[in-house]
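Participant: One structure is given below, represented as structure tokens, and several questions about it will come after.
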Amino acid sequence: MSLFAYSLVIFILATAVATVLFRDVLSVIIVFGAYSLGMAILYTFLLAPDVAMTEAAIGAGVTTLLLLLTIARTTRPTTDALRERIHVPAVVVVGAFVLLLCTAVLPDMYPVGSTSTPVWSNPDVTQHYITETYEQTGVENAVTSVLAAYRGFDTFGEAVVVFAAGVSTLLVLKREVFA
Amino acid sequence: MSDYDDTYTESQVIMTAVKIIAPFTLTYGLFMTFHGGDAPGGGFQGGTIVGVTVLMLAFAFGIEPTRQWLKNSVLTGLVAGGVVIFGAIGLGMIALGGDFLEFTMLKEVFHIKPKWGLEAVEIAGISLIVSGVIISLFFTMAAGFSPERPSGTGGISSADNAAEGPDSPVAEVGDDD
């Protein structure tokens, strides 16, 4: 990983911690938007542009707007304190747990791009989509072909889930019209 | 609803910025939707960006004018129509003799690439649903929760609600004016 990627990870961790620590709700929403943007850039760096676009559009864009709208429609508690009070025993316990997980799990993780990762351990399956996609579907983006052709039925269910999300918002807010 | 628009501040900076950016985001969203097959992106991402364009307009020029400009039937048509079109394309493949959403039937029957079935699902199905739901989520959340409506009551009262349904948007528009 390059220096850029490391500084990006540090930026993401810093914004994540800041999201937890800030007392003011508006500041939290803004910092959370920055966190999502950092994640989007990291996904691009990890060669997952489709995921990066979704994260940038949904995470940094729509979620920030909806959260801003929510505090505009509800109350925003005024406070002089800059950050939340830190509950030290909880931080110690959670921190120790995370540290334990890191020491247990991280050494076993494969380097980015390594050919010994489990993804490559079943090349009959993974290579099938990469080599056959253009032949079978005529689409150059293998992600789209898996999404809409090979796993089309799953995507149909996914689209219906989005539809259900819109309808259930109406139910929860007891409204009958979208606009 | 009389305290509705006190969340809106008319800002010259935001309005000018949105006027400049909106055509580009709309074009980018449509490009992403239509180019999902050969470039990163697709219906989900493109639909979101098209929806966000409307959200930006609502933030810059006020939610209520945007709501009046955008009819409920348009949003309902987008959301429900997308699901229906997606399902219809899937069933169409059964009609051609294949399985649900089996686009290889396009090749066997019409001798065209399965790509066009895939693109049809992305453009006419997913992107419509996603853009419609993003816009609807925004407007329903902006309208907020009205506690005077009875909750958890089935049967007769829900039928009453359905009966007064067509009147309620008209009444709301009147209030906000």
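Including glycine, each Cβ sits where the backbone N, Cα and C put it.
In case it helps, TrEMBL gives these features for our protein:
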{"type": "TRANSMEM", "residues": "B:12-31", "note": "transmembrane segment"}
{"type": "DOMAIN", "residues": "B:14-135", "note": "domain 'Na+/H+ antiporter MnhB subunit-related protein'"}
{"type": "TRANSMEM", "residues": "B:43-63", "note": "transmembrane segment"}
{"type": "TRANSMEM", "residues": "B:75-96", "note": "transmembrane segment"}
{"type": "TRANSMEM", "residues": "B:116-139", "note": "transmembrane segment"}
{"type": "REGION", "residues": "B:149-177", "note": "region 'Disordered'"}
Participant: For the transmembrane segment (B:116-139), could you work out the same-chain residues 6 or more beyond its ends whose Cβ comes under 8 Å from its Cβ atoms?
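Facilitator: Distant contacts of the transmembrane segment (B:116-139): 29, 33-34, 36-37, 42-44, 46-48, 50-52, 54-55, 58, 63, 67, 70, 75-79, 81-83, 85-86, 89, 93, 101, 103, 106.
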Participant: Work out, from DSSP, the number of helix, strand and coil residues along the domain 'Na+/H+ antiporter MnhB subunit-related protein' (B:14-135).
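Facilitator: Within the domain 'Na+/H+ antiporter MnhB subunit-related protein' (B:14-135) the tally stands at 99 helix, 0 strand, 23 coil.
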